[in-house]
Each structure stands twice: as C-alpha cells, then as structure tokens.
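Per TrEMBL, these features apply:
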type	residues	note
TRANSMEM	B:6-32	transmembrane segment
TRANSMEM	B:44-64	transmembrane segment
TRANSMEM	B:70-90	transmembrane segment
TRANSMEM	B:102-121	transmembrane segment
TRANSMEM	B:152-175	transmembrane segment
TRANSMEM	B:208-229	transmembrane segment
TRANSMEM	B:241-269	transmembrane segment
TRANSMEM	B:281-299	transmembrane segment
Amino acid sequence: MSSAFASSRTSGSEIVKELAFFAVIALLMSVMILGVETVDRPTGLELAVRWDLVLIAIGSTVIGRLALIIRREGISRLVQALMITLAAVCVFEMFVRFRDMDDRWASPVVLDMAVGSFTSIVVTVCFLAIVFAIAYFSMKEKSAVVVDESTKISSKIQVAYRSNTKKIGLIGIIFFFIFPLIFGENRSAIDLATLVMIYIMLGWGLNIVVGLAGLLDLGYVAFYAVGAYSYALLSQNFDLSFWLCLPLAGIFAASFGIILGFPVLRLRGDYLAIVTLGFGEIIRVILINWYDLTGGPDGISSIERPSFFGLAEFSRRVPEGSIGFGDLMGIEYSSMHRLIFLYYLILILALVTNFVTMRLRKLPIGRAWEALREDEIACRSLGINPTNTKLSAFAIGAMFGGFAGAFFATRQGFISPESFTFLESAVILAIVVMGGMGSQIGVVLAAVVMIGFPEMFRELAEYRMLIFGAGMVAIMLWRPRGLLSFRDPTILLNMSKKEKVAGEAK
Amino acid sequence: MDWAYFLQQLINGLTLGAIYGLIAIGYTMVYGIIGMINFAHGEIYMIGAFHSLITFLICQAAGISGILPLTLLLMLFVSMVLTSIYGWGVERVAYRPLRGSFRLAALISAIGMSIFLQNFVQISQGARVKPMQPLIEGGITMMKSANFDVQLSYMQIIIIVLTFVLMVVFSTLIAKTSLGRAQRACEQDRTMAGLLGVNVDRTISTTFVMGAALASVAGMMVTLYYGVIDFYIGFLAGVKAFTAAVLGGIGSLPGAMLGGLLIGLIEAFWSGYLTIEYKDVATFGILVLVLIFRPWGLLGKPEVEKV
C-alpha cells in the first residue's frame, strides 16, 4: 500500500488494469518455476506440466491484490476479510497440491474436505472461520490513512510492558523454572524447551554485540562452533570433564573473538557484516577439511554427557567408582532425569548470560558500548577507545556463544559442521533483531516464535523453512523495529524513565 | 614453472571471475543506490539458472534444440525476462516497505527472502542436483607443452565475450542514458533527486531489474559451463560475488567486475597450485586483508566521515 494512492478513489478501469498487471506478473513469475517440473529420469531430465499451480498462484495474487485495493479504498472490513480468506484458501490449495502431486486437476481440496464426513465439514468450516476472524479483526475500519507501526493498542502494550519489565521478567523466569514440573513426563516438550533455551542464550550473547555495541555480526555461529568443538575435543583427547571444559570452551571462544575481532573491528557496518560472515564460513570450511582433528564432515560422535556436578552419573549403568543420580537422591532411575538436568543447566547458563549483561550495562564498559552504538565520533572525542570497547563486546559475546556451544555438544552427544551453517547465524541474528535490539525479553519472545513454533509444526516438513523465511519477512514488515522495540539508552539526562515512557505514549 | 599450466589456470580463473563479476554488479548497484546488502541476490542468480535450464528442456521437447543459436538466444531472453520479474518482485515485497526504516530490518527481511526463495525452488523443483548435457563442446588448443595441452573451450570464449559485451552495454546505459543519470542522481541524494522530478521508486525498481537480469545471465552461463545446478548454488555464489563487490569498491561498476575477476583468479590459482579444499578460505582471507588496508575497496572512493 502506498500512501500516494490514498488521497482519491480509483476508477473501475484503473482497478482492472492494476489487477491485470499483477495477474501478468504472477503468471510470469510462476510459469516456469511452478508450472513446469523437472523430473529425473534415467535418460536425463524430463518435464512435467502442472498448470493448476500456475492458475492458483495467479488467483491468489489477484484476490490478495483486490483485498489491498479494497482496503485502500476504504470499503467495509467484512468484504476485505472475505477477500483475504479467499486468498488464504488459494494458498492452502497450492500447498496441498504440492504435497499430493498425483491427482492433477482434481476438485479443490477445501471442497473435497467439506463434502466428506461430518467431522471434515466441521474442520473445514472452523479453518475458514479462523482465517476469516483473523482477517476481520486485524483490519481497521477505514484505513485510507496508512497507519504506522505504533498504533494505539500496540503503544498501550508498549507502555504496559515498559513499566512492568521487571515483573514480566520475573514471571517469565518462574515459568521457565516450573516448566519441567508441569511437563515433567513429556520428553518432547522438555527437548523443545531446551532447544529454545539454547537459542535464547545465543540471542542474549549476540545481543551484547549487536544490540548493545551495535556491531553487525553475521558469523556468530563460528563462536558457537568453537565452543562445541573445544568441549568435544578436550573431552575426547584429554578426558576432561564437562565442568572443567565449560569455562575452557568459553575462554577459547573469547580468544577467538579477540583474534578475529582485532583486525576487523575498525570496519564499519556492512563491511564488518561481510567479514564476520566470511569468518563464519572459514571456520566451517576448516572444520570440514581438517579431518585428522575434527573428523571432517563425519563430525565427532559419542561425546561425554555431563555428570551431576561430578557427584553422580545419569546413565542407567553407572561406571565403577561413581554412583547414579537416582541413588544419590534416593529416587528411582528415570531417563528423564538427564533431560531435566540439561534443561535446568541451560536455563541457568542463559540466566547467567542475562544477569551478566544486565550488570555490564550499568558498568562503565556497558555505557561505553551503548554510547559507541549511538555515535562513534563523539565517543572518540570523549576519550573512549573504540577498538578496545568493541573488542570487549565481541569477546564477551563470543564467550557466551562458546558456553552455549559446549552445552550443545554435551546435549547432542554428536556434532558435525552441518550444525554450524550460515543459516544458524542468520536465525540468531533474526532473533535479536526481531526481539527489538537490546531488549532482553524481546529475545525470549522472538526465540519462542522463531524456534518453538517451527519445531511444533514439524509435520509441515519441507514447508517449514519456506514459511520460516516468509515469516521473517512478514514480521519485519509488520514491526521493523522488532516485536518489542526498545532502544533507549539505559540512562537519560534530566529525565526519569517513567516520564520518558509517558512522554512517548502520547 | 610450467607456463602451460599457468595459462590454463588463468583461463579458468577468468571464466569463473566473469560469472562472479556479473553477479557482483547487481550487489554493487543495489548497494550504491539504497545502501543495503541485497541478500536475496544469490537466489535470484539461482532462479536464473533454473529458468534457463527449463527453457532449454522446453526447447528440447519442442524439437528445436538442434538449432543451437536459436536455443541459446531463447534461453538468454526468457531467463533474463522472467528472472528480472523476480528481482522486481523481491524489491517490491520485501524492501520497498522498509525503505527509510531501520537498517537492520531490511537486512533481516532480505535474509528471510533468501531463505524463502531457496526453499520455494527446492519444493517446486526438487532438492536433487539437476544435470544437463553439454550444449557447446570443443575448443581451441592454444599451447602444447610436454605433458599438458592448454584448452580454451568455446564455452569459455562465449562466457568471456558475453560478459564483456554486457559490461560495455550496461556501462553505456549508466553513463549515457537518462535512466542512468536518474540512477546516479538517486545514488547521490535520493530526496533531492525526487524533488527534481526523478521517479525514485521506479529508478530503484529498474536497478533491481537490471541486477537480476545480469545475475540471470550468470546463472545461464553456469548452467551451460558446469552442466549441474541445484537449489543451493545461490548462497555461496552470492557471498563470493558480494565479496567481489566489496573487494572492487562497492558502488563502482568496473570495481565489481575487477573484484569478480580477482576472486575468480584467486580461486583458480589456489585450487590449481595449493589445495582445492581451502579455496574459500583464501577468498575470504584476501577480502579481510583488502578491507584492513583499503576499506573502500580497490576502485572505490574513500568515504568521508561526517558528523
């Protein structure tokens, strides 16, 4: 929607022209990539045509565009919601047909679903109703005026959030602490929560670099990899325990941060981004090719699991000279003990990250990070050494990445370069940016949205990443500054925080 | 030193470099005009490769693949047109609403777009590697040495000549036409250009379309040269092409080409004389060195720091 159109009503023929234009665009975009499939045959590639997909693509584009036009022209939101529902049904059709490619030219899937049994009718109607409801309530009555990201409701939420940050944080912590008590027997829930927690920790670690110091790091996964491999190698080659390796992994990752950061930190913005991306790839290439040390693409397997602070083991068959966790606690052995222990371990590691970050923000070094983010030249004129300040942010961020990596290695028991691709860096960065840079709770929210939801919809299989990518774009378009946009400097001159919040809400 | 071997690596490097250079131009133009890394550009190149492959298969099914020049022209034309529309669409959907907004938002949106396009092609065309029989075979033997013949294949000649022609055409387009003038004006000051009657939105769209067209040519050349493509080729090529653009000095068209050629040569010589496994490390290592000593790239202008 461009505001240029908003001033006057468009005539009917112009609308038709606009629709035709987008129909042609949709046709040209889908005619080959969607309309023709390349099929592998022993004799070579062959073609299979599927015009139905092209038709659906054009249909959904036209209907979607029509919904936008109607919205622009300020017609009732009932019609808009109907249009959006139709477009959604079209997209749904396309997904389902992708999956069952055999019955070409079959009747529409939604119709098929509805003419089946009673339950399927109910399911279909519910599906349509939900889409319709979402469309209806997300619409504004007459939106000829383009509304910016700060609508009234969301700014109310912002104010409520800002004045209750501590309470929300506390509730969050309590929730995460009692989570295993609620889902104690549910293995997949604990696994998922642990995974989300790893990303929360990585997000908090990267937040120091990106959110506080304002350095765009596209290769954060390198430090994660360094942490994971240093734990795996130390434990396999020198037989060191997890509790000894954890700090070592952090130190290794931090020194890597310093070594990598030293030459490149005077670069600015996008140059830094591309160099860090390069470093991430270099680390991965080395991991793949240094076969003698890292096992190459095969990775390192059967990495030692952590013990209960060196006091007890979690395995069923306890080795000589140590006791099982169940025996120590006087409870029966259960394979869940280790999972829950791992969950609490990463929870505490993540909270340590958060705590350290919050404290660092109040120290001179933290102030210097934020000042540097806002204005580098001013900082230099005030005597802050930019290189050392940036380097410290880089190293501390890397250290937490290293801790998370060591935890990842001990949880999985197997690591390979596959786990440390650019996609991981992108996901972690997306978590930080979507959370609202510098916002600690935002990172939690974004990690749950980005990691939790896609994992829950595992059955979507290959569509998961497709929707993930589209979701990243959609969230950024919806809230460019992140879900909880929040970038006040920690201290302000002559203004208490509450006043500032109240002033912004007006 | 074996000069024949050296010459062969030089030829291979130039061919590869020409391809990187063509992709790099898209990065450098977009960065010059709106100051963002178009992360989805590598995927545009991959889509260009798929378009040309499918066009070829259609030609084959229609029985006109025997007429080689016609097939090649069709591949070039269809792939350029269809892929440009993807470039246009990506800008329209993912970048235009975020223009003037927070800088990182556009970057994340670009990364999201890249993931989306990659998976879109993976789902619609399958994850397997797509092979294609060589269309243009043979070449010229340039030099014979004791144990080695230097081959310059016709395909390599086509790639280098086509790249050269496209470079000349696009440089003229930017230097001489009113469209190019509008682009340069937007690059210097978007608001001012808009005030003086330049249609900024259209100019930016055109820039994306031009970049996508060049990337699609690169995609077609890779399809013909290597004969295998898959949905994943966009990422690494994209990163390397961006490296090339930064190396040459971002915002500079000849710089992008020079950077591309350098990256191609480094890769070819590194794999020819040292180890093939670490060629990517060499590429990024050179990038780091250049950025440390000459952050504005080889042909770029140093940016003056303003308060």
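Backbone N, Cα and C atoms are what each Cβ position is placed from, and that goes for glycine too.
A TrEMBL annotation is a machine prediction, not a hand-curated record.
Not measured: the values here are computed from a predicted model.
Proximity of the transmembrane segment (B:241-269) to the transmembrane segment (B:6-32) is established through 3 or more Cβ-Cβ distances under 8 Å for residue pairs spaced 6 or more apart. Using the rule of three or more Cβ pairs under 8 Å, pairs at least 6 apart in sequence, the transmembrane segment (B:44-64) is not in contact with the transmembrane segment (B:152-175). Most Cβ pairs under 8 Å to the transmembrane segment (B:208-229), among the stretches B:6-32, B:102-121, B:152-175, belong to B:6-32.
Long-range contacts of the transmembrane segment (B:70-90) within the same chain: residues 26, 38, 40, 44, 47-48, 51-52, 55-56, 59, 64, 113, 117, 135, 205, 208-213, 215-217, 219-220, each at least 6 residues beyond the stretch ends and with a Cβ under 8 Å from a Cβ of the stretch.
Proximity of distant same-chain residues to the transmembrane segment (B:102-121), defined by a Cβ-Cβ separation under 8 Å and at least 6 residues beyond the stretch ends, is recorded for 35-40, 42-44, 46-47, 50, 86, 90, 93-95, 231-232, 234-235, 238.
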